[in-house]
Amino acid sequence: MQASKKGNIFIISAASGTGKTTLVSRLVKHHDDIRVSVSHTTRPPRSGEEHGKHYYFVDNEKFEALIGESAFLEHAKVFDNYYGTSIEGVNILREQGYDVILEIDIQGAEQVRRVLPDACSIFILPPSFQELAERLKGRGTDTPEIISKRLSKARNEIEQAFLFDYVVVNNDVVTAEADLLYIIKSHRLKLPSQQVFIENLLEKS
Ligand code: 5GP
């Protein structure tokens with residue numbers, strides 16, 4: 001029987017305010033073979049965010065129960081809230097053949113890299129610190145305290161870029177989206193992703 005091809009995993013991390021969420025939403029909007037994994041979080045929803053679409057919003061008790069059930073591929077505490085990627089959610093998408101984007105922080109990226117070494121990791125950089133500060137303020141979603149917390153964390157986060165497979169500078173969103181797509185396309189052609197195709201081809205020969 002022919003094996004079917006499982007989708008690839010792409011980890012996308014960035015310092016906050018780098019435009020990662022916008023970039024990823026554009027990418028999935030334009031490419032229906034790519035999906036974003038919907039994470040669980042204990043942070044309260046922001047205005048316009050929907051349960052099951054942007055996140056699964058759960059309380060601490062539920063999140064900790066899920067940790068106890070080993071339901072997460074990775075999980076981390078970010079700005080005092082839990083965030084985690086459901087193993088089941090990711091597997092369902094991969095089994096359906098979708099490439100799956102994990103839009104997660106660097107702690108989560110490290111955990112996924114350890115358990116899934118074939119995952120492709122991409123770090124998004126801002127063009128400059130000045131630009132990053134302006135974007136964080138302009139977003140209007142966070143208090144000044146959170147913004148200064150995010151900025152002081154940004155430098156440390158950016159130092160982690162050295163651990164990723166690819167680095168994309170988000171200077172303009174159209175170019176950065178195209179860069180992401182080049183990476184995704186080239187990763188799809190790497191041997192581990194093509195293994196099933198080769199095996200099926202040989203089986204039919
Ligand atoms: P926000 O609260 O702004 O949506 O996300 C805060 C940070 O948590 C971002 O860096 C985001 O990428 C990260 N994040 C979102 N979901 C997950 C997840 O499932 N796991 C981990 N480790 N980080 C996540």
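Every residue, even glycine, has its Cβ placed from backbone N, Cα and C.
Features as listed in TrEMBL:
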| type | residues | note |
| --- | --- | --- |
| DOMAIN | 7-185 | domain 'Guanylate kinase-like' |
| BINDING | Ala14, Ala15, Ser16, Gly17, Thr18, Gly19, Lys20, Thr21 | ATP binding site |
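Mean pLDDT across the domain 'Guanylate kinase-like' (7-185) comes to 94 in this model. Neighbour density for Thr18 (ATP binding site): within 10 A of its CB lie 26 other CB atoms from the protein chains shown. Taking a C-beta cut-off of under 8 angstroms and a sequence separation of 6 or more, Gly19 (ATP binding site) has the following same-chain neighbours: Ile124, Pro126, Arg135, Asn170, Val173, Ala176. The record gives Ala14, Ala15, Ser16, Gly17, Thr18, Gly19, Lys20, Thr21 for ATP. Within 8 Å of the mean position of their Cβ atoms, the other Cβ atoms in that chain belong to Ile124, Pro126, Arg135, Asn170. For the binding-site residues given as Ser16, Thr21, the lowest number of other CB atoms within 10 Å of the residue's CB is seen at Thr21. Cβ environment of Ala15 (ATP binding site): Leu125, Pro126, Leu132, Arg150, Lys153, Ala154, Glu157, Ile158 lie under 8 Å away, each six or more residues apart in the same chain.
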